[in-house]
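Participant: Provided herewith is a single structure, encoded as structure tokens, for subsequent inquiry.
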Amino acid sequence: MKHYLAPDTTIWKGRISNKSLYLHEKVKCVSLSDIPEPPKKSITLLGYACDEGVKRNQGRVGAVKGPETIKNSLGKMPNHLPSTVQLYDGGSITCSKGDMEASQEALSAAVASLLQKKQFPIVLGGGHDVAYGHYHGIKNYLDSKKEGQTIGIINFDAHFDLRQNTHNNNSGTPFYQIAMECEKENTDFKYLCLGIRKDANDRSLFQTAKELDVTYVLSDTFQIQFLDEINTWIHAFIKTVDHVYLTIDLDGFSSAYAPGVSAPSPMGFTPHIALECLKTIIGSGKLISMDIAEMNPKYDVDGQTAKLAASLLHHVVDTLYKA
Ligand SMILES: N=CN[C@@H](CCC(=O)O)C(=O)O
Ligand SMILES: [Mn+2]
Ligand SMILES: [Mn+2]
């Protein structure tokens, strides 16, 4: 398969257990094409090792190594999944010669095939251009079923990523690209952003969000003391769609928690509000697939951002598949 690297087993290492497993012991490294249709409930981790979109968006590159650092951190965590749930590392989508569009296409095909095999895909970025390929994988899968099911996108992010792609597609354009395609197909663009920073999105981006009827919560409101109100917004959004695609851009978190990103947010949100909202989203039963974007180990401090990403995933799978 083009633009694809089979799983690297050497990433998965850590403490050896006596009785209960660590995740590096639980995970099975399997090439994408060999991932089976599960008799068991199954999660597949898939890297999107690409920072071409960050480069094109004038950001700080390094996220190409994001997936391997998140997997490495996750492997050191204890397993709380029941034995009836399987965890796969399905390797990574790669990017060569700056051909980000080819990587997005490969990602889309990989996600669609994982969903076909009844896996729960967790994609690890890589720049936020991961969202364009990921969304299309979900869409192609749902379209193939011909049931007219709809997708709502929930994005935890400091940024709208609604920049126009007049000059190029990049890490700041994925949701604009999706919105334009929805417009062409005459379907609703359903997009909820949590944690938007007023000081990181210019007026024209707020205007675009308004024109596209985007629902958003600003970072100064995206705080635990407003949880009830935020949950009301999330519930109202989810009610209008059949499936939720969740995308978490690590740069929305305060740089106190997530320094390892291209565009840090000193006054970003906390992991606590994110976790509460994750519970709400998972509790809806509509979460079909998720990703974590913008992990950049080059600017990380003591592996904190990678650990944050791994902890978020640990919470998600724990909530999804309670033992
Ligand atoms: N995916 C990130 N997108 C942001 C980057 C902002 C920045 O580099 O300062 C954006 O384009 O708005
Ligand atoms: Mn962002
Ligand atoms: Mn983003």
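Every residue gets a Cβ built from N, Cα and C, even glycine.
A TrEMBL annotation is a machine prediction, not a hand-curated record.
Just so it is clear, the model here is predicted, and its values are computed rather than measured.
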Participant: If TrEMBL gives Asp157, His159, Asp161, Asp249, Asp251 as binding Mn(2+) 1, which of His128, His134, His136, His272 does it give for that site as well?
Facilitator: His128
Participant: Determine, for the Mn(2+) 2 site, the additional residues of the same chain whose CB lies within 8 Å of the mean position of the CB atoms of Asp157, His159, Asp249, Asp251; present them in sequence order.
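Facilitator: Neighbours within 8 Å of the Cβ centroid, excluding Asp157, His159, Asp249, Asp251: His128, Asn155, Phe156, Ala158, Asp161, Gly195, Leu250, Gly252, Ala263, Ser265, Ala293, Glu294.
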Participant: Give the three-state DSSP assignment (helix, strand or coil) for His159 (Mn(2+) 1 binding site).
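Facilitator: Note: His159 (Mn(2+) 1 binding site) is coil by DSSP, not helix or strand.
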Participant: When you measure from the Cβ of Asp249 (Mn(2+) 1 binding site), how many other Cβ atoms are you left with inside 10 Å?
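Facilitator: Result for Asp249 (Mn(2+) 1 binding site): 30 other Cβ atoms within 10 Å.
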Participant: When you measure from the Cβ of Asp157 (Mn(2+) 1 binding site), which residues in the chain that are at least 6 apart have a Cβ under 8 Å away?
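Facilitator: Residues satisfying the criterion: His128, Cys193, Leu194, Gly195, Ile196, Thr247, Ile248, Asp249, Asp251, Gly252.
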Participant: Return one of helix, strand or coil for His128 (Mn(2+) 1 binding site), based on DSSP.
Facilitator: coil
Participant: Across all protein chains in the structure, which of the binding-site residues His128, His159 has the highest Cβ count within 10 Å?
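Facilitator: Answer returned by the neighbour count: His128.
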